[in-house]
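*Asks:* Structure in structure tokens, see below.
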Amino acid sequence: AVCVSLLGAANIPPHPLNLINFMEMIRYTIPCEKTWGEYTNYGCYCGAGGSGRPIDALDRCCYVHDNCYGDAANIRDCNPKTQSYSYKLTKRTIICYGAAGTCARVVCDCDRTAALCFGDSEYIEGHKNIDTARFCQ
């Protein structure tokens, strides 16, 4: 039975490593009663895509993160969504490693800044799963 379970798990596509890193950073900075998944499909920018003006401070964190990834994508051979990087969670902060200006460091700094911003911003339940066609134009 263990083999069957492992074989079944092998068919689940893995998340890109940096997404796992970003999720870990978010979990480290947000209130205990929240999960990182509650930050997807929040406002106009948290989750895939984005348009219009951010609706609050938390949504602005995602807007800034999207733009940061856009800037990182201009670095030669840099794909922010799949770039792995090294970091450390310590004493309520996040430390990114690597040479300044490299793809890995820039992407880590994007994720670090967003995660810390999430931790500092109010989560408004009514801004989860909003009608983006209506509120994000």
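Placement of Cβ uses the backbone N, Cα and C atoms for every residue, glycine included.
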*Asks:* Please name the cysteine among C32, C44, C61, C62 that Swiss-Prot pairs with C46 through a disulfide bond.
*Replies:* C62
*Asks:* According to Swiss-Prot, Y45, G47, G49 bind Ca(2+); which of D66, D71 is also listed for that site?
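*Replies:* Among the candidates, Swiss-Prot records only D66 at this Ca(2+) site.
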*Asks:* Where Swiss-Prot annotates a disulfide for C96, which of C108, C110 is the other cysteine?
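*Replies:* Looking through C108, C110, the record in Swiss-Prot gives C108 as the partner of C96.
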*Asks:* If you have Swiss-Prot open, could you say which of C32, C44, C61 makes the disulfide with C117?
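*Replies:* Disulfide mapping in Swiss-Prot sends C117 to C61.
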*Asks:* Disulfide-wise, see what Swiss-Prot says C78 is paired with, picking from C68, C103.
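*Replies:* Of the candidates C68, C103, the one Swiss-Prot pairs with C78 is C103.
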*Asks:* For D66 (Ca(2+) binding site), which DSSP three-state class applies?
*Replies:* helix
*Asks:* How many other Cβ atoms are found within 10 Å of the Cβ atom of D111 (active site), counting all protein chains shown?
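*Replies:* The Cβ of D111 (active site) has 27 Cβ neighbours within 10 Å.
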*Asks:* Enumerate the residues of the same chain, Y45, G47, G49, D66 excluded, that satisfy the criterion Cβ within 8 A of the mean position of the Cβ atoms of the recorded Ca(2+) site; list them in sequence order.
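*Replies:* Going along the sequence, the neighbours appear as C44, C46, A48, G50, C62, Y63.
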*Asks:* Any idea which of the binding-site residues G47, G49 has the thinnest Cβ neighbourhood at 10 Å?
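*Replies:* Selected from the binding-site residues G47, G49 on minimum Cβ neighbours within 10 Å: G49.
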